Ligand SMILES: NC(=O)C1=CN([C@@H]2O[C@H](COP(=O)(O)OP(=O)(O)OC[C@H]3O[C@@H](n4cnc5c(N)ncnc54)[C@H](OP(=O)(O)O)[C@@H]3O)[C@@H](O)[C@H]2O)[C@@H](O)CC1
Ligand SMILES: Nc1ncnc2c1ncn2[C@@H]1O[C@H](COP(=O)(O)OP(=O)(O)O)[C@@H](O)[C@H]1O
Ligand SMILES: [K+]
């Protein structure tokens, strides 16, 4: 799914009116009705609820006015607060007239509101039409709304949040529990720094012109199952273990052998033909016992890796998890990386930490390699950033300079390719915030790369399935109790979904 900018949304909006011969009023009715349907599902007995609907002067406000009419028709208690203006959009004005006048109260940006307990707030002050940060005068209204005790649903965007650029941390912005955004996720909803304003979002299909959506060119994409379908490879009857690659996980140190175990299991659950580990010898028995399907080669040293194996017979190599940064390990890793390998690697954890300490090493990392840093590891590589948009630019520049694929891990993990394309993940949940989740991803990615998927395909598919397995798992286990190993045991269900739709 494409992620569109405000300008692109507006263009698609105009094209839709032409292609489908509908008016802006028709589109607004359609958009607001999709939100109404969502709300009705959440609150089937609408007549028992009170809604506070805050409307601006543009089309976002217009959506709110339609919603107010639809809710009023279902006997919900509706209070509409409309910002007083002289330049309402045409569709906004038309919908003011369609609503009983007694439901509307005019307010100004600095009105102080008090929302009673139990009321539901619909924020329709500004959508993607917000062009600049909100001025200070809006603070009292926005703060009053944010103080409500009930849920806040924002229409298209939380008001005050810019769709395509950074929003200052101290800006007045609605803190939405859920954002119902139309047709395409907006960049502002995907940035981790904006999470207090957009706690969750749902993309609602409002039937905008397919051909217009296809024509829009963007570097930003949102990964869904449909994106994986075209490159997912079905297996054929005569395939054998040699077809699916031999993947090698290099990592582990005393006390951190579990990382390798998790990665191996995840690799085996992700279709690799053969899986091996290279580890310090203290882990030999535990890995052989815990993962009988895997093979183990051990370093002469007990506690840490002191030399790297000959990797020429492996189709893919994942390096760094649980590896530690003992001087012997650092030295051995440097020798390994400086030999100038010609296969793309999956580099995580301590492999990244070692590289981050010596910028001269990056030139030796094989082009097309995959880096999977969590935020701390990323800052060790790139230094600091002012906001998520700047972070993204820094990652893009780095990915291009060294021709690498970089995964910015977190909620909505972002894959950045060497040509500057960005894919945001749509799966995953907070249950994954437990040490070990990343090790599993390394296993999945190494297995997919070894099966011949390109680095880009590997990342799109691996990151999606990793999160999807966790999403399926929390349906029965919940986010508090989810263990990284539960992600592995739910990988089959995630792969089955993909198999079914391909
Ligand atoms: N795309 C679709 O498919 C569909 C989209 N739809 C809906 O339309 C919404 C977009 O509507 P929109 O373009 O009218 O913009 P909106 O967000 O209401 O705000 C614009 C107003 O805000 C003002 N303004 C801007 N910045 C400001 C600031 N800092 N401080 C103060 N004022 C500021 C600006 O005034 P100006 O600056 O131009 O004077 C203008 O008057 C979209 O989010 C969705 O909800 C659906 O109805 C149908 C299908
Ligand atoms: N709140 C969250 N929502 C979605 N995914 C998450 C969340 N927290 C963590 N994850 C995912 O879990 C993984 C954690 O990786 P990492 O921090 O490297 O873990 P570890 O090194 O402990 O195994 C990443 O893939 C990340 O995207
Ligand atoms: K809004």
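Just so it is clear, glycine is given a Cβ too, placed from its N, Cα and C backbone atoms.
Curation does not apply to TrEMBL; its annotations are automatic.
Just so it is clear, the model here is predicted, and its values are computed rather than measured.
Annotation source TrEMBL lists (6S)-NADPHX binding site at 59-63, 127-133, 156, 259, 322, 374, 439. Residues or ranges marked as K(+) binding site in TrEMBL: 60, 123, 159. The AMP binding site feature in TrEMBL is assigned to 409, 410, 411, 412, 413, 438. According to TrEMBL, the feature domain 'YjeF N-terminal' maps to 9-214. Taken from TrEMBL, the feature domain 'YjeF C-terminal' applies to 224-498.
Structural mapping of features recorded in TrEMBL.
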{"residue": "60", "record": "K(+) binding site", "DSSP (3 states)": "helix"}
{"residue": "123", "record": "K(+) binding site", "DSSP (3 states)": "strand"}
{"residue": "128", "record": "(6S)-NADPHX binding site", "DSSP (3 states)": "coil"}
{"residue": "156", "record": "(6S)-NADPHX binding site", "DSSP (3 states)": "coil"}
{"residue": "374", "record": "(6S)-NADPHX binding site", "DSSP (3 states)": "coil"}
{"residue": "411", "record": "AMP binding site", "DSSP (3 states)": "coil"}
{"residue": "438", "record": "AMP binding site", "DSSP (3 states)": "helix"}
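Across the structure, residue 60 (K(+) binding site) and residue 413 (AMP binding site) place their CA atoms 29 angstrom apart. The binding-site residues shown are 62, 131, 374, 409, 438; of these, the one with its CA atom nearest the CA of residue 159 (K(+) binding site) is 131.
Under a cutoff of 8 A between CB atoms, and with a sequence separation of 6+ in the same chain, the neighbours of residue 412 (AMP binding site) are 190, 192, 424, 425, 426, 428. Apart from 60, 123, 159, the residues listed for K(+), the same chain places the Cβ atoms of 54, 56, 61, 64, 124, 125, 126, 127, 154, 155, 156, 157, 158, 174 within 8 Å of the centroid of those Cβ atoms. Under 6 Å, Cβ to nearest atom of ligand 2: this is the test, and of the binding-site residues 60, 410, 413 it is passed by 410, 413. The closest partner of residue 438 (AMP binding site) among the binding-site residues, by CA position, is 156; the full candidate set was 62, 128, 156.
The separation of residue 156 ((6S)-NADPHX binding site) from residue 123 (K(+) binding site), Cα to Cα, is 9 Å.
Selection of the binding-site residues 156, 159, 409, 411, 413, 438 by a Cβ distance under 6 Å from ligand 1 yields, in sequence order, 156.
Cβ crowding, taken as the number of other Cβ atoms within 10 Å, peaks at 62 among the binding-site residues 62, 438. Within the group of binding-site residues (131, 374, 409), the Cβ with the highest number of other Cβ atoms inside 10 Å belongs to 409. For the AMP site, the Cβ centre of 409, 410, 411, 412, 413, 438 serves as reference, and the other residues of the chain with Cβ at most 8 Å from it are 192, 374, 407, 408, 414, 425, 428. Same-chain residues at least 6 positions away in sequence with a Cβ under 8 Å from that of residue 128 ((6S)-NADPHX binding site) are, in sequence order, 6, 9, 10, 60, 156, 157, 163, 186. The Cα atom of residue 409 (AMP binding site) lies nearest to that of 374, taking the binding-site residues 59, 62, 131, 374 as the candidates. Within the model, the domain 'YjeF N-terminal' (9-214) carries an average pLDDT of 97. Cα separation, residue 59 ((6S)-NADPHX binding site) to residue 411 (AMP binding site), rounded: 30 Å.
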